[in-house]
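Asker: Just passing along the structure, written as structure tokens.
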Amino acid sequence: MHPVSGAVTAPIGDTSTEPLRAPRRAAPSAGPTPPDPTPLSGDVDVIGGADADRQTAGNDVPVPSDTPGPPVLPNIHRVIWRTIVKSWDDGIIGWAAQAAFWQALSLPPLLLGLLGSVGYVAGWFGPDTVDVVYARIVDFAQRTFTPTVVDDLITPTVDSVLGRGRVGLMSVGFVLSLWAGSSAVSCFIASIAHAHDQHEVRHPVWQRFFALFLYVGFLSVAVFLLPLVALGPNYLRAIVPESWGSFVTTLIDYGYFPFVAVLLLLVLTTLYHLALPNPLPWHRLIGGAVVAGVFFWVASYVLRIYLTKITEAGVSYGALATPIAFLLFTFSLGFGIVIGAEFNAAVQQFWPAKESTTTQVRHWVNSQTSDFTGQLKTLPDRFASGPIRRPTRDRERG
């Protein structure tokens, strides 16, 4: 079998996301060379011709493509396998464990910053806003974690934060809580950028401060969004006619938590988008958010069954039982977020996205800046004069 002209082959198991560059092409022949009709082996990817032109900097920069990618359904198993292999090569276990640690360490600062800031806007929504938010947080925790984690860890932490009252926004404790609370966000940003091979694009120091700014932004939005989500059912019952009371009650009972789940998926998709130095289109990241959400939901369900069984069997970790259980839940959450990012990277590898307007503008600015800088570097050579020369007789006299 004759190989396809101008093609580059790479094994499917290879998880490298470096660009596949086609070699320099020879002069065009008199007529087009028909492709080899022999089916390719399942162990190689062939990228040549227009497909090779679509490949640029791997997953770092989405590139425009007028050529349709491979069909979706026949390549689903390849995307899944690429996600699994790439996740393992990137050390997903270590990233998830690191994320679990920082989530456990960031929980009290997160609640301090969130509930402490809600006190400033509680009066806009009603006198019992804080109590309703507290009830919603505990209710959501009961649906996610085991009763031991809720009763021994989350509820006491929330009670302790609410017992302090409204925290001062300019206090040293609040500023320190922002830095500590952003540690988990920093870990997620690093793992997402690493999944897309963009971990060397952003400076590490700037990335840490970027995580802090992103955490403050999410916290600011949550301060206004959390009361609306918590009080939404009460407002909905108040504004609808009484004849709709039973319908609204049924809608709230069955639709409230799916609505919250969709809202959390949107937040996670936004995190995937903002975490990348060279972001992909927002809609291209929804798939990874769904994968992460489904994985965490299944993992938390299995964990609750597992922890209940070992408790019934008499296996006890003593005082460490609650922290260990909470770490297992946070580990599954971190694992889900990282594997969602790896799934997005695999999809981008098979079907590269088009450049967004922001990326195009950034590339244009960088090219213009590089040209201007290059011209500045040549100025000393242009205006430099040659060495001072004296006549031969003057040198002999000297």
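Every residue, even glycine, has its Cβ placed from backbone N, Cα and C.
Unlike curated entries, TrEMBL annotations are predicted automatically.
Annotations per TrEMBL:
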- 39-50: compositional bias 'Low complexity' (COMPBIAS)
- 1-69: region 'Disordered' (REGION)
- 172-192: transmembrane segment (TRANSMEM)
- 212-236: transmembrane segment (TRANSMEM)
- 256-276: transmembrane segment (TRANSMEM)
- 282-303: transmembrane segment (TRANSMEM)
- 315-339: transmembrane segment (TRANSMEM)
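Tell me about the surroundings of these features in the structure.
Answerer: For the transmembrane segment (212-236), the list of distant contacts is 113-114, 117-118, 120-122, 124-126, 129, 132-133, 135-136, 178-179, 181-182, 185-186, 189, 248, 252, 256, 260, 263, 267, 271, 274-275: same-chain residues at least six beyond its ends, Cβ to Cβ under 8 Å.
Long-range Cβ contacts of the transmembrane segment (256-276) within its own chain (Cβ-Cβ under 8 Å, at least 6 residues beyond either end) map to 140, 143, 185, 188-189, 192-193, 196, 198, 214, 218, 225, 229, 232-233, 282, 285-286, 288-290, 292-293, 337, 340-341, 344.
Tertiary proximity for the transmembrane segment (282-303) is limited to same-chain residues at least six positions away from its ends with a CB under 8 Å from its CB atoms, namely 144-146, 261, 264-266, 268-270, 272-273, 325, 328-329, 332-333, 335-337, 339-344, 347-348, 353.
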